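> Feature table excerpt (Swiss-Prot):
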type	residues	note
TRANSMEM	2-22	transmembrane segment
TRANSMEM	39-59	transmembrane segment
TRANSMEM	86-106	transmembrane segment
TRANSMEM	112-132	transmembrane segment
TRANSMEM	145-165	transmembrane segment
TRANSMEM	184-204	transmembrane segment
TRANSMEM	212-232	transmembrane segment
TRANSMEM	246-266	transmembrane segment
Amino acid sequence: MINILNAIILGIVQGITEFLPISSSGHLLLFRHFMHLKLPIIFDIYLHLATVLVIIIYYRQRILELFLTFIRFSLRKTNKSDLTNLKLILLILIITIVTGVVGTFISKYERMFILPFILINFIITGILILMLEFNFFKIDFKGNILLVGIFIGLMQGLGAFPGISRSGITIFSAVSLGFNRKSAFEISFLSLIPIVFGAILFKYKEFYDIFMVLNFFEINLGALVAFVVGIISINFFFKMLNNKKLYYFSIYLFALSITFCCFFRI
């Protein structure tokens, strides 16, 4: 059973790691392992909901722009200036569908989410960040939005594996396709909104059950802490992204994995 201290710690972990390319799900499982907490995966999704609210607030103007563009499109009153937004809406839709399919498949193998597997994924994430930082990988789909969406969706779906950073692998995918970092960051987090809400709908019964099984106050406290810390974290990541210092996160992930392997004999 989760207590107040556990809730605060997990909330801080989620708030910090959601917007950093170091895998929030991997860190949550890592902390839960050492706190001897056995919590349903839907609890993690609930914490993700809190940080999604941060994204909605941070991107509120952009989301409003996209919404108004969609309304104009529905009323057949679009203009040339709406074309870019319509492409982004379509891209996010494709990414969401593909990510949902991949994520649903991966969720069937939750028993594989053990510590050694997570540490290996941390190393993979660290390598991807280095490849992103030094523009090591490029691919060209000639502007084909369907192929672009499928590729990013497939890669983002792999973020369902704990230890694989969803934001990291999505930004890596977008940049490798030619998007600039700011656009890649936008795609990564705007596409997270429908994915998290979709996960809640997909697991709606489990979502209801966590309030029956776990302490109502503690789980909401954890979500509140994740929200507050997330507001700070998202601004910090933007600065790191713009300063091209993401390789620090690779160093951290490599050090974390090696430390656990050496000192805890994993």
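Glycine is no exception: its Cβ is also placed from the backbone N, Cα and C atoms.
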> Which residues, given as numbers and ranges, are at least 6 beyond the ends of the transmembrane segment (86-106) yet have a Cβ under 8 Å from it?
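Here the qualifying positions are 66, 69-70, 73, 78, 145-146, 148-150, 152-154, 156-158, 160-161, 187, 190-191, 194-195, 198-199, 202.
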> Should anything in the same chain at least six residues away from the transmembrane segment (112-132) have a Cβ under 8 Å from its Cβ atoms, list it; otherwise answer none.
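Beyond its ends, the transmembrane segment (112-132) has Cβ neighbours at 21-23, 26, 29-30, 33, 161-165, 168-169, 171-172, 175-176, 246-247, 249-254, 256-257, 260-261, 266.
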> With Cβ distances under 8 Å as the criterion, find the stretch in 39-59, 145-165, 184-204, 212-232 that has the most pairs with the transmembrane segment (2-22).
212-232
> Six or more residues beyond either end and a Cβ under 8 Å away: which residues meet both conditions relative to the transmembrane segment (39-59)?
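Distant contacts of the transmembrane segment (39-59): 2, 10-11, 14-15, 18-19, 24-25, 28, 32, 107, 110, 186, 189-190, 192-193, 196-197, 199-200, 203, 206-207, 209-210, 213-214, 219, 222-224, 226-227, 230-231, 234.
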> Short question: which residues 6 or more past the ends of the transmembrane segment (212-232) have a Cβ under 8 Å from it?
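The answer is 1-4, 6-8, 10-12, 14-16, 18-19, 39-40, 43, 46-47, 49-51, 53-54, 57-58.
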